[in-house]
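Annotations per Swiss-Prot:
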- 11-64: domain 'F-box' (DOMAIN)
- 151-177: repeat 'LRR 1' (REPEAT)
- 180-205: repeat 'LRR 2' (REPEAT)
- 228-252: repeat 'LRR 3' (REPEAT)
- 313-345: repeat 'LRR 4' (REPEAT)
- 346-371: repeat 'LRR 5' (REPEAT)
Amino acid sequence: MSSKRMDSGSKDIISNLPDALLCHVLSFLPTTEAASTSVLAKRWRFLLAFVPNLDLDNMIYDRPKMGRRKRLELRKSFKLFVDRVMALQGNAPLKKFSLRCKIGSDPSRVNGWVLKVLDRGVEELDLYIASEYEYPLPPKVLMTKTLVSLKVSGTDEFTIDVGEFFLPKLKTLHLSAISFGDEGGPPFAKLISACHALEELVMIKMMWDYWEFCSVSSPSLKRVSIDCENIDENPKSVSFDTPNLVYLEFTDTVAVKYPKVNFDSLVEASIGLRMTPDQVFDARDLVNRHHGYKRCKGANAADFMMGVCNVKTMYLSSEALEVLTFCCKKAIPVFNNLIHLTVETDERVDWESLPILLKNCPNLETLIFEVPSHILFLHDLTHFFSNT
């Protein structure tokens, strides 16, 4: 190969790309890696100042086997690194800010970063905060007109203690282990109603059994996933007014009542309703069964199940199947549109509602049983199918 061809082949083509394109490429890297490119050449030295996405994570360095002193040093250096990046970027527009970090008892440093990116008009905010204490979410997070996506999670509860919300552009909201200063339920309802463009709602580790009511009301919502941790108490009142919802994933203890259930557009539902441990004990007690015990006290899933009866695809947990037996004070509704049904099985759970459910699915095409790998009780299936 000639020296001329060698010289041509060794040209730094990437460095000759436009700044905007290079910054776009760097935006896909973790910020620590993007920052390391500044040593490649003078051309790269200040590109980080204009990268529109920041992905900051110090959890990858915080390993259990690492000594305490080393962990503290890494946390300190991480904070200094974030401070430098913030100073370098100044007030440049920011599209996404993702932060995973472990903090001590003082969250002011983290809150300062969050408030800074909010001032810069960030569109996507993704926070994972590992803390031994409740983390008070800065009120401004819930009063930001530029946010399109907000995801908040961590190792402990996040506290929302504000009375006003304003998130007019928010389309995606993911919250994990959130508690509200007012435990009555109104703040949660106000939060949802303040998100006029909301399309996806994910709530994990919710604890609303002590609320006076819980209401999910939004004409724009299309997908909802809610997983409630409470198991010992039945929620007092749960309502859904989501006429354009197409997908629902709902795990909760059966409520005392469901005053409003509006799922007019629902296509697919994954139902994980369950009874409290006391209700399960009473339901499975052979003496109670002998004396005709058929209904659990203090809970009624009938109105909720009536609300989902138009779905085309449905998944029922084994506990939800038992809820149909004991917690539906009205008859199990007819699922005229149901084509695909998946039922989780458990040898401890009552199957009495299954024959009725199948009779009430006149257009069912696919039936799948999720059977635990350690057991296959075909004799039970044969018995139930013989009665359908």
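Note: Cβ is positioned from N, Cα and C throughout, glycine not excepted.
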Cβ under 8 Å, sequence separation of at least 6 from the ends of the repeat 'LRR 1' (151-177): give me the contacting residues as numbers and ranges.
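Hits for the repeat 'LRR 1' (151-177): 125-137, 139, 141-145, 187, 190-191, 194-205.
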Let me know the model's mean pLDDT on the repeat 'LRR 3' (228-252).
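Value for the repeat 'LRR 3' (228-252), mean pLDDT as a whole number: 92.
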When you scan the chain for residues with a C-beta under 8 Å from the repeat 'LRR 3' (228-252), skipping those not six or more beyond its ends, what do you find?
205-222, 258-274, 276-278, 298-299, 304, 307-308, 317
